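Visitor: Would you mind keeping the following structure in view while I ask a few things?
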């Protein structure tokens with residue numbers, strides 16, 4: 001990590017905090033009790049969070065006992081909310097409640113949302129009523145909506161305030177309000193009127209009136225039900241550090257900060273890639289084996305069905321194959337190239353969709369272009385394959401069949417690689433979901449059918 | 001887009017600015033000259049940038065002529081630097097120079113870096129000398145290093161300044177310094193001593209001394225040569241909005257802001273996915289067809305080689321296949337399932353590596369676990385495949401062979417799906433690069449060999 005590459009005099013020397021490697025060594029040698037209490041308190045919560053994720057539940061408690069409430073809250077806010085929920089559920093009631101109160105409201109809502117319902121009630125009953133109410137409201141929004149991501153710790157002032165009054169007001173806000181870059185200006189019914197940045201406050205005179213210096217041309221205001229993927233696109237579009245979230249009546253409910261967006265973007269990228277390959281969108285290497293198998297198997301069974309269909313195509317040509325076994329030798333070559341040529345297109349189309357760079361009217365042009373690209377690749381690769389088969393096997397008639405079959409099957413693959421995610425999106429389904437499997441299923445079937453069909457016709 | 005879902009009174013009504021759809025319709029009907037000058041000036045630069053990317057070079061000029069220098073600079077900063085370079089290269093010298101001066105230094109460096117060398121010299125000769133020097137320095141850093149991403153527009157003060165002096169100094173800085181969230185405190189040789197946030201300035205008294213209120217426990221300081229992937233990990237680790245960039249002697253050179261990081265994260269996610277599938281990491285759907293084909297073909301030729309190896313394996317069993325053609329029917333089923341089971345693991349491992357959640361000592365455990373998961377999937381899927389073949393084809397002996405072959409080949413696939421990216425990383429290569437192709441190459445070969453070998457032995 002670059003921290004160690006940057007020699008910085010005042011930065012904590014490596015002996016002052018644990019690295020993840022250090023911590024893992026303590027765990028491996030069953031020496032968690034030997035961890036230094038003040039050293040672990042100085043270690044970055046992110047590192048401790050990563051470490052905890054790799055520990056069994058009992059060992060997590062040993063580590064967390066070394067931290068005070070604020071320290072535990074910081075670590076938990078860096079962890080997966082599911083893991084964090086597990087940790088809190090295992091705590092004594094009094095400590096669990098204190099930790100929930102020390103967390104940012106959005107983090108505590110994420111974590112409580114991942115608990116069993118009985119535990120939600122048990123804990124929220126003891127959390128201070130105002131916070132409990134906030135958490136209950138936040139849980140009620142879909143997890144992947146703006147409401148599910150936003151924090152409610154927002155600094156608001158009326159437009160009549162002076163800069164001095166505003167700064168005084170900021171002083172009264174609890175330290176927990178770490179995310180103040182913007183002060184939101186609201187009317188007495190909570191409607192959003194404008195924003196003032198910290199920089200504006202620094203630059204203004206103390207007697208200036210907020211209503212005069214606030215920005216009212218507000219872009220990037222999010223509705224509370226906006227999907228998180230759209231949130232990332234809006235954030236990328238406007239280079240703001242926080243976007244306000246409002247209800248249908250433009251009442252300010254909270255805000256989303258760009259560090260939350262960074263996490264969501266990573267999560268969406270992971271989901272797209274893993275789902276495209278037929279794994280769980282939020283699956284991790286540390287998930288229990290049984291759970292991974294349970295989540296991956298349905299897609300493998302879909303794949304089995306499609307593989308049987310491909311096998312069915314081959315069985316139509318069993319007699320031809322028994323006479324001319326080189327057909328069996330060459331058919332997977334045609335199918336394999338089709339699958340991979342389609343996969344190249346598929347990846348680019350899925351990413352283009354994810355980045356919001358695709359409009360419906362682009363579909364026809366993209367399909368034609370991708371089929372063309374794959375067709376040209378097919379001519380190049382098919383020619384080389386044909387030469388190789390001719391030279392190695394002296395089967396020049398088979399060469400000709402391979403050449404033509406490869407062009408057809410690869411052109412189809414380019415088309416399918418674009419068509420599958422675009423169609424899934426059109427059907428309001430996730431364009432990534434298992435599309436690699438659908439793709440190779442169809443390229444196998446087409447590849448086998450074209451090659452064996454052509455081969456039987458020309459060669460026998 | 002969610003903007004329209006959020007009815008906001010002061011937000012620009014849709015009639016005040018063009019949507020991307022509006023703009024595309026002007027282009028389709030060859031009516032670019034009918035675009036409203038003041039309306040396009042109000043349109044988000046991001047939208048105009050997206051629109052320009054889709055236009056031929058000549059049409060781009062028609063649109064850009066409607067904007068003033070600042071407007072052009074804003075639009076170009078939202079575009080791909082390659083596209084933006086093309087636009088500027090096509091401008092008259094005087095206008096091009098003004099646009100380069102109006103851009104943020106980091107953006108102008110990115111764009112100039114993508115020009116032909118002759119154009120770089122021609123333009124930088126006329127740009128004001130200080131800016132030209134900055135651009136030349138920035139270009140000298142690798143494009144995907146901290147130095148290649150950072151901006152040099154950083155607000156610095158000595159530690160002896162009071163808060164009032166600091167605020168006065170900020171007032172003197174040019175408006176271009178839009179990214180002031182932190183003021184960096186340096187000594188007279190430019191060494192970084194600490195940071196003060198805008199929020200600190202708001203909260204402090206005007207007579208406080210910067211040296212007393214600055215944060216000196218600096219985390220996340222980046223060396224200028226840090227790789228951009230590590231930059232994203234450091235940014236995710238510390239929830240800061242800007243990270244300082246220093247040289248080996250801890251002299252402050254610039255800073256990286258989190259909106260830059262959001263772009264890099266998207267770009268890295270795109271690269272990983274597209275490269276894994278054997279397409280170009282920065283390939284886009286709009287690239288010229290010839291260029292796409294040129295970039296994708298080498299990997300298809302690698303794939304052709306591996307497909308021939310798989311064909312070679314099959315050719316060892318040609319005689320057996322001619323006697324028992326069901327072998328040819330079933331062999332792609334075994335190979336296909338192997339490829340997809342391996343792909344599930346591959347995607348999760350690549351994302352885990354990208355997110356920095358993998359340590360070298362995890363390798364053994366991950367390999368064993370992934371092979372186990374795939375083996376269990378193999379038992380489930382193999383059993384169903386065996387039943388299907390038995391019931392459909394009354395070949396119960398073939399069923400038994402499929403069952404065993406599937407378990408072996410899928411276990412291998414799980415192992416390979418983890419081993420390939422981990423090994424590529426160990427060899428300091430990109431773990432994503434074409435790993436899906438390497439994977440299916442090896443799962444095809446193993447699948448055919450195991451199934452045909454077992455089949456020949458048991459059935460003949």
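Even glycines carry a Cβ here, placed using N, Cα and C.
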Visitor: For the transmembrane segment entry in TrEMBL, name the matching range from A:280-298, A:299-317.
Guide: A:299-317
Visitor: For the domain 'CBS' (A:150-213), jot down how many residues DSSP puts in helix, in strand and in coil.
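Guide: Helix, strand, coil within the domain 'CBS' (A:150-213): 20 helix, 17 strand, 27 coil.
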Visitor: Which listed stretch (A:299-317, A:323-350, A:436-459) has the most C-beta pairs under 8 A with the transmembrane segment (A:398-424)?
Guide: A:323-350
Visitor: Residue list, the transmembrane segment (A:299-317) vs rest of chain: Cβ under 8 Å, 6 or more residues beyond ends.
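Guide: 278-279, 327, 331, 335, 434, 437-438, 441-442, 444-445, 448-449, 452-453, 455-456.
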Visitor: Please report, as numbers and ranges, the same-chain residues at least 6 past the borders of the transmembrane segment (A:371-392) whose CB is under 8 Å from any CB of it.
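Guide: Tertiary neighbours of the transmembrane segment (A:371-392) are 330, 333, 337, 341-342, 344-345, 398-400, 402-415, 417-418.
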